[in-house]
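Asker: Quick one: the structure is below, questions incoming.
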Amino acid sequence: MFPERPHPQPPALLRRCPIPRFPPPPGSSGEEVKGYPPPPPSDSAMGVPSRAQAERGSSHQSDGEEQEPPPQGGGVVGGADLISLLPDEILGSIVSLLPTDEGARTQILSSRWRHLWRSAPLNLEVSGAGRINKAVVSRILSEHRGVARRFSVSDFITANDSATLDGLLQSPVLDNLQELAFSFLDCIWPSPLMPHSALRFSSTLRVAEFSSCRFPDDAAHQVHFPKLQHLALGSVIISEDSLHAMLAGCPALDKFVFRYIDEDSPQMPRSALHFPSTLRVAEFGSCQFPEAMVCQVHFPNLQQLVLESVTISEGSLHAMLSGCPALNILTLGNCSGFSQFRINSLKLKHVEMYFRILDGHRLEELIVENAPCLERLHHRGPYQDIMRISIISAPKLEILGRLTDNIYRLELGSTVFKGLHDVTMATVMRTVKVLTLRLDNLIRNVIFNFMKCFPCMEELCIQTHIDLCLPHTAMENRQHYYSQDRFECLDHHLKKLWIGYYSGERPHVGFAKFFVLNASVLESLVLNVHPYRKASDQWIENQRRQLQLENRASICAQIDFTFEKCFSYLNDV
């Protein structure tokens, strides 16, 4: 028996850093293979006899072989430090993937690591006010002995001084920069001029993000970005000709982001729609789309489109989507200018929409006419939204929500919900696996209708309304128990149930208890207690007794009480 050696706790940084796993070297003869680190010493090599050796009464040393000492530097108590066996190039890459402050802390892990920080590829990212100021950034750039990969500074460093940024960008360590991001103060008028030194990296840049500045008109026509894959312009003042020349000089562009910070929603330059055919992701925000231009564009390879706070007419929106034959993901956030939205797309998989109530600007009708690949339809509209939803053809739809009490009409094939209480059941949708609802009250009849319509539902997320809770008797009078009915969903499919703003009162307890006692394959019941309820351990234990957990239909069901925001959970789903 060997005495157990204490193992010191590693720093928090080390616990968060995943240790890379390398495939075993080919062959098992123990010889060193090029491209692989030498294998760690075995027990016998460390003087510990194996079971077979003990049975033979011999040890590794009895064969006359000389034991090699364990690797020095960076060793840990009780075993070899395998990560320090890696070459400096790999260790430097690991350090470069960490945030700046955590990368610097790796120097305390081992003497083997101390020189890596100053020579590893530099990812310098400074955002917000803190201890790092312009002087610190300058010192880092002047003292770093390696190359720089990413340089990102916020308006806290640049302020409204273009000369400050120009001085930083002149540093020789940035000569082969791959990622550049900077922003000026958005409240400054006129906007600071982007320094010409920002364009000296055009031949090496892969990512460029510029915000709240004026683009030099005399430079765009002379610059070519052969490797640029991601370009983001936020409230950048740039002429039509310069933007057109800039996009034309990006033959490898994969993602283009064009946003304004100004709430006045200025007209978007027409050249912003002349991006190269290689583009796969496009995001536009806080602007008005030019009517005549949208109908003429064609985006053959665009796979993801995000429109946020964009004003666009109904005809232009549908024409734009028709010009995206490869579109997979569409996000419409707080957009206006159209009251009806029709989905006709052969490859569209995910559609997410969220709207706020404005003066007459809201989506009144959503129609899914032909979407053979649509898997997720997520509408995060306001609770007061009284829109009409019609899903005519979506044979692969798996995630549907968020449906509310105020929906004027919901058509799922031949099944019609006039509101959520008056239902004409004629069609079932067996593809739907996840359903999210936002209801005034937890009424079983409504849920029963959905379980009939979606018999293969596996996850059900329900958010109740905090201030709308009917008295116990009124609520119970509206419950109709289906004691003789069995639901395929309850017997075979429903695994996760989440109830938001759970009050712990009798109606909510009865609703949750029904699933505890009847959901045969339930794995997780999450009861999110609303913020007005101060839930003590005693209160939670009393809730568990009322739910009759000892009689639960699924022995594997776990019941958890949480206190997170309901909105974040529904949005994550």
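Glycine residues also receive a Cβ, built from the backbone N, Cα and C atoms like all the rest.
Just so you know, TrEMBL annotations never went through curation; they're auto-generated.
Take a look at what TrEMBL says about it:
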DOMAIN    83-123  domain 'F-box'
DOMAIN    258-462  domain 'F-box/LRR-repeat protein 15/At3g58940/PEG3-like LRR'
DOMAIN    487-527  domain 'FBD'
REGION    1-79  region 'Disordered'
Asker: With DSSP as the yardstick, break the domain 'F-box' (83-123) down into helix, strand and coil residue counts.
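Answerer: Each residue of the domain 'F-box' (83-123) counted once, the result is 28 helix, 2 strand, 11 coil.
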Asker: Can you work out the mean pLDDT of the predicted model over the domain 'FBD' (487-527)?
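Answerer: Reported value for the domain 'FBD' (487-527) is a mean pLDDT of 93.
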Asker: For the domain 'FBD' (487-527), how many residues does DSSP put in helix, in strand and in coil?
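Answerer: Split into helix, strand and coil, the domain 'FBD' (487-527) gives 19 helix, 11 strand, 11 coil.
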